[in-house]
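Below is one structure, written out as structure tokens; the observations come after it.
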Amino acid sequence: MTPIAFPMETRYRPILESLVPPDPMSRLHLRRFSADEEFPDLSRNSTWMARILTPAMYRRQFHRCTQSGVIFDDVIRPGLEEPGERPTPESVGCVAGDAQCYVLFCDFFDRVIEAHHQHEISGQAPEGDFNYDNLKGTCDFDSSYAVRCEASVVRGVEDFCFPTHCSRGERRQLLTLARRALLRLEEEELPGRFLPLEELDQEQQRELNLEPPSAYQLRIGTARDWPDARAVWVSKDGSLVVWVNMDDHLRLVSTRDDGNIVEAFKCVCINLQKLEGFYRELRHPFTWKQQLGWVSSSPADVGTGLRIRVHLRLQHLPGHKRLQDVLRRLRVCMHATTESPALYCVSNAATFGRSEVGLTQLVVDGVKLLVAMEKRLEDGRDIDELVPTQK
């Protein structure tokens, strides 16, 4: 789908002019040449950033700078560090250093978001739905195929830069806020432990499946000063894990060793809404933008920030010639895991354009159909009549 072009510059110009100093770049004194001379080589880059960015668009962004000092080259740096593999872009190839980036560089970010999520941005605020009772039909998966599931959601905190750009002081203040909010959560019938990463030994890190930061995280800045002001909170019953100051300000994860995705989704919904209330009381609500919904550092997570993952044991379907067409129609993605050659992770391809319940329903319906196809292939039958129409 080609991103819809519309005059976002005109729409946002009064906002841009009121928020940004007349010439913020003059305060930075960066030794740069002209925009045309600084334009990056994107010829071997397959990210959405590279597909959308043009010299003309780069010139428009070149002299802009957010109040916290994020320039456009900071935004596109991830895509230059990790150019991806052709022919299909899987990575957005860009990141927001702070929430203002989504306004200041809106003509770029909006096109990336529309292309990645396959959904047009409108003037209306996205609708949210955390009512897990609205899920339709049975959500029980065949345990012979569904071996694990996970629901996770990311959130950014208002008034703080995102991890690629935040200072040590900001990161430490975010840690303090998280500690206070999660202490309140413990008082609300969910006991847990707050574990700063710098206090964990190697054995404890292995138990939490915590790995050292990758070279990519180090290059783009999310792992600066590691492990300073990073933490993980683990509920006593193991139903919920909250990561603090990793790739995002907050990431809530509920993992189950079965296919009961409804319980995982329910756990995330209930506790996310409680934390949202606690952060509001602390006068630092989660970051929300009118046309995009919840925003965090990556445009791949705008809207809901929700990821629903189900691990399936599949032998025949992964090699079928129509698999990619089926996944595209279902609007889910599937990739092999490192645990087993026959174990695959199925998840929602987008986080924007549907409510939380809608995205969960999408994955539930998709997993059921994939399992039905696998069973047909096991019996030597064809799956053509099960191929769905476009979701």
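Glycine is treated like the rest: Cβ placed from N, Cα and C.
Annotation source TrEMBL lists ATP binding site at 148-152, Arg251, 307-311, 333-338. Residue density at Arg307 (ATP binding site): 20 other Cβ atoms are found within 10 A of its Cβ, drawing on all protein chains shown.
The DSSP breakdown of the domain 'Phosphagen kinase N-terminal' (31-118) into helical (H, G, I), extended (E, B) and coil residues amounts to 43 helix, 2 strand, 43 coil. Taken from TrEMBL, the feature domain 'Phosphagen kinase N-terminal' applies to 31-118.
Annotation source TrEMBL lists domain 'Phosphagen kinase C-terminal' at 145-377.
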Val310 (ATP binding site) CB neighbourhood, other CB atoms within 10 A: 27
Entry from the binding-site residues list Ala151, Met334 having the most other CB atoms no farther than 10 A: Ala151
Cβ neighbour count within 10 Å of Arg148 (ATP binding site): 20
CB within-chain contacts under 8 A for Thr337 (ATP binding site), separation at least 6: His311, Leu343, Tyr344, Cys345
